[in-house]
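Trainee: Quick one: structure below, then a few questions.
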Amino acid sequence: MEKKKGELKSIFLPFLSTSHIIPLVDMARLFALHDVDVTIITTAHNATVFQKSIDLDASRGRPIRTHVVNFPAAQVGLPVGIEAFNVDTPREMTPRIYMGLSLLQQVFEKLFHDLQPDFIVTDMFHPWSVDAAAKLGIPRIMFHGASYLARSAAHSVEQYAPHLEAKFDTDKFVLPGLPDNLEMTRLQLPDWLRSPNQYTELMRTIKQSEKKSYGSLFNSFYDLESAYYEHYKSIMGTKSWGIGPVSLWANQDAQDKAARGYAKEEEEKEGWLKWLNSKAESSVLYVSFGSINKFPYSQLVEIARALEDSGHDFIWVVRKNDGGEGDNFLEEFEKRMKESNKGYLIWGWAPQLLILENPAIGGLVTHCGWNTVVESVNAGLPMATWPLFAEHFFNEKLVVDVLKIGVPVGAKEWRNWNEFGSEVVKREEIGNAIASLMSEEEEDGGMRKRAKELSVAAKSAIKVGGSSHNNMKELIRELKEIKLSKEAQETAPNP
């Protein structure tokens, strides 16, 4: 495709995981909304997560498309369709997905060359792409799927190693050098921060690639974590732009929200929507633990009992555990809740944006994945925090200690995303958090009020003159200047 004069042309390359794909695709759609030509490169199975959204945008005349590449499943010994790090991916297959991804690197680099973009935006887990961009003489911008606080906290642990001073795994220590006095325990830290492993080396490579990049993009906004936005730019010494909340900005009507992710059949949507619409305002608890988490049977029992005993209506998003007592238990529980009309179970993917904005929802129990935290802020909802893996425990600190819009369930132990872990949070702890979250007494000192105020700030950030809107316009302006400067050099006569 020929580039028009003055038109910016870009490539967006997500990682092979739904929680990374969705926000980066929303960012790509925002660039197209601002008249930047966008090509998203991914594999066939992963494209199904967002293709409906791209088709919608293209039908509106926006310059955006998907370029699908074949995942080398046969070469790495994987069944067709297993090409992402998701809840249904068997643990033993994850190393082969990494192998397949490494084989795709040459394919991606060739596309960078052939499509002739003016810049690329790639996920943090593509650190090699900064050198690929340098070869082409174009900027690479890194996408971070986490919060500014989480990245700042990880840097604090790497630089100061405060966990090594703790005598026991459960002893609390302060994370040095941060804008707030945040306490953690060793058990709450990701394993790669506790002691060096292969992932530690990968994260070092990612940090080095970020410092060589033109800058980084975050799904955040200034009023949400302003101190950490400034702190992170200071410690990294690089440019960074918060252009969130991207889900709010890129999905401003019901059609967009319904198309996002693994869209359900219409009759399935009507089921939960009809149930929700029959409930009183702010009376329903939403319970979801993200797109890649599974719980053991023992934990499912504790959650179910806590929800049933709470007396509150609830929607619970549950995952198939490949048969066994966990699935059987949930099916029986679902029948009982249908009979009492107290609970509604959604199996698999849930249209979270549509659910959270429903006036019946009064709060949510969340794993503190960053996408969900931001979407909860958009909706003005307080949270009961249940961190599990990745940077979740850092995000909990932002929600509970900094923003004061959440109450902790009491999870104490970090685990890998594809493991159950040894911790089982008891129904009493879950019940206490739910009671505090859904209380109408405001004993928390205004948690619900603060959540509503942040929702207003989120909406202001993406309006003309808002912090995220200004960041987007400034970044595009800089990228246009780089393009024009490059073109001037290429057309200048030789001395």
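Keep in mind that glycine also has a Cβ here, set from the backbone N, Cα and C atoms.
The following feature annotations were taken from Swiss-Prot:
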type	residues	note
BINDING	Thr18, His20, Ala390	anthocyanidin binding site
ACT_SITE	His20	active site, proton acceptor
ACT_SITE	Asp123	active site, charge relay
BINDING	Ser291, Trp349, Ala350, His367, Asn371, Thr372, Glu375	UDP binding site
Trainee: Which chain neighbours of the anthocyanidin site, leaving out Thr18, His20, Ala390, have a Cβ atom within 8 Å of the mean position of the site's Cβ atoms?
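Mentor: What remains near the Cβ centre is Phe15, Ser17, Ser19, Ile21, Phe85, Gly145, Ser291, Ile292, Gly369, Asn371.
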Trainee: When you rank His20, Asp123, Ala390 by Cα distance to Ser291 (UDP binding site), which of the recorded positions ends up on top as the closest?
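Mentor: So, of the listed recorded positions, the one sitting closest to Ser291 (UDP binding site) is His20.
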Trainee: Out of the recorded positions Thr18, His20, Asp123, Ala390, give me the one sitting nearest to Ala350 (UDP binding site) by CA distance.
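Mentor: In terms of Cα distance, Ala350 (UDP binding site) lies closest to Thr18.
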Trainee: According to DSSP, which of helix, strand or coil covers His20 (anthocyanidin binding site)?
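Mentor: Reduced to three states, the DSSP call for His20 (anthocyanidin binding site) is helix.
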Trainee: Round to the nearest Å and give the CA-to-CA distance linking Asp123 (active site, charge relay) with Thr18 (anthocyanidin binding site).
Mentor: 12
Trainee: Give me the sequence-ordered set of same-chain residues, not including Ser291, Trp349, Ala350, His367, Asn371, Thr372, Glu375, with a C-beta within 8 angstroms of the centroid of the UDP site's C-beta atoms.
Mentor: Ser19, Ser288, Gly290, Val317, Gln352, Gly369
Trainee: So what sits near Ala390 (anthocyanidin binding site) in its own chain, CB-to-CB under 8 Å and at least six residues off in sequence?
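Mentor: Result: Ala146, Pro190, Gly369, Trp417.
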Trainee: Fill in the CA-CA distance, Trp349 (UDP binding site) to His20 (anthocyanidin binding site), as an integer in Å.
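Mentor: Cα of Trp349 (UDP binding site) to Cα of His20 (anthocyanidin binding site) measures 15 Å after rounding.
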Trainee: Compare all C-alpha positions of Ser291, Trp349, Ala350, His367, Asn371, Thr372, Glu375, the record's UDP binders, and send over the largest distance in angstrom.
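Mentor: Result: 16 Å between the two most distant Cα atoms.
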Trainee: Sequence gap of 6 or more, C-beta under 8 Å: which same-chain residues meet both conditions with respect to Thr18 (anthocyanidin binding site)?
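Mentor: Correct list: Val49, Ala84, Asn86, Gly261, Ser291, Ile292.
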Trainee: Would you say which of the recorded positions Asp123, Glu375 has the most Cβ atoms within 10 Å of its own Cβ?
Mentor: Glu375
Trainee: Restricting to the record's anthocyanidin-binding residues (Thr18, His20, Ala390), give me the longest CA-CA distance in Å as a whole number.
Mentor: 14
